[in-house]
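K.L.:
As annotated in TrEMBL:
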type	residues	note
BINDING	181, 192, 219, 223	Zn(2+) 2 binding site
BINDING	181, 183, 186, 191	Zn(2+) 1 binding site
BINDING	186, 219, 225, 229	Zn(2+) 3 binding site
BINDING	251, 252, 253, 320, 321, 362, 390	S-adenosyl-L-methionine binding site
BINDING	323, 389, 391, 396	Zn(2+) 4 binding site
DOMAIN	37-95	domain 'Chromo'
DOMAIN	179-237	domain 'Pre-SET'
DOMAIN	240-363	domain 'SET'
DOMAIN	385-401	domain 'Post-SET'
């Protein structure tokens, strides 16, 4: 199904709910907020007759209900801290890094400062709601955090989180499996990888041991082995807590790990809409003008299908390119043995420290054998307009394509 973002503002929806006596937890209208007043954020500041007042936005009430309240009425130390921090942040940016002299006896804030504080507060609330939404929808235990200390950009308006491929009509991403292995303790002689003509992809520590370009065959839903089978890694989802963050060099959103990741560890899947190559070509014409790079060709065996993560995807949607990446792509087969429709998994190429940004090479060059027959299937869909690369790597090629 296609979704259309609501064009009504949060305040408009809150006011409508109050008029109709409706409850909606997602926008702050609850039984409690209908009967009480809770500070959502602080909008402005002034001093009158020697007394400090703050303009309060009440949770679950439209902005038309904002009131000026004396400091003694406010029991919200964290919101007061945010207010002061946002004010000082605005002044620091205006003065371009010059020494900030905070005056303690300001009688009123300039409109531009108050406007920034309100926008920052709204952004903080929107990002918190987005984080909660992402964590409700994910199907793995690890947490997803969201962070923006760079600008006023909020959550993407036209992005929908999914955990697995979303096939276009007529495309079946779950077929080809009728039986599984009979192993009591994988791996065994007749385990899934060997039945497919390949070796087991993981060692005893559940780390990748095969070379780039080779496929991964995991045990499937028909297999006799249980959930602790050492050949069930990608299907369990990312085991690491990750943070979607705003980059400070014009690359938009990025993803960083909050935990140390060892070499050859599974990190995440690349998911999105599965569409035909013809449809990908049509969408690619539109995406070129926007500089998007979300089309990923599934050409491990043929070039019939493409993954488009522009509107539907998971955390991998926000992973940036690097000419010196720390993630590598592998083709995975689990509940679908159709070679035209592999799942795409990202594994670490080296030890990644907590707090480090995750990246992969959109061209998939360097760490794979480009002479391999299957290497061609690991490259994202080629773009027609050259996009300047901002990865900052010493070996940067200058362009994403």
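Glycine residues also receive a Cβ, built from the backbone N, Cα and C atoms like all the rest.
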K.L.:
Other than 181, 192, 219, 223 themselves, what residues in this chain have Cβ atoms within 8 Å of the centroid of the Zn(2+) 2 site's Cβ atoms?
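P.N.:
Going along the sequence, the neighbours come out as 180, 183, 186, 191, 218, 220, 222, 224, 225, 229, 231.
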K.L.:
Just the number: how many Å between the Cα atoms of residue 323 (Zn(2+) 4 binding site) and residue 252 (S-adenosyl-L-methionine binding site)?
P.N.:
17
K.L.:
I'm checking region-level scores; what's the whole-number mean pLDDT for the domain 'Pre-SET' (179-237)?
P.N.:
92
K.L.:
To see if you understand the setup: which same-chain residues, six or more apart in sequence, place their Cβ under 8 Å from that of residue 223 (Zn(2+) 2 binding site)?
P.N.:
180, 181, 183, 186, 192, 229
K.L.:
By Cβ count within 10 Å, point out the most packed of the binding-site residues listed: 181, 219, 229, 323, 391.
P.N.:
219
K.L.:
Out of 191, 251, 252, 362, 389, the binding-site residues in the record, which is closest to residue 225 (Zn(2+) 3 binding site) when you go by Cα distance?
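P.N.:
Of all the candidates listed, 191 is nearest in space.
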K.L.:
Per 10 Å Cβ neighbour count, which of the binding-site residues 183, 225 ranks highest?
P.N.:
225
K.L.:
Please report the Cα separation of residue 362 (S-adenosyl-L-methionine binding site) and residue 219 (Zn(2+) 2 binding site) in Å, rounded to an integer.
P.N.:
28
K.L.:
Near residue 219 (Zn(2+) 2 binding site), meaning Cα within 10 Å, which of 191, 320, 389, 396 (binding-site residues)?
P.N.:
191
K.L.:
Excluding near sequence neighbours, so keeping only residues 6 or more apart in the same chain, what lies with its CB under 8 A of residue 251 (S-adenosyl-L-methionine binding site)?
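P.N.:
Expected: 320, 390.
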K.L.:
Select one residue from 321, 390: among these binding-site residues, choose the one with the most other Cβ atoms within 10 Å of its Cβ.
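P.N.:
In terms of Cβ crowding, the pick is 321.
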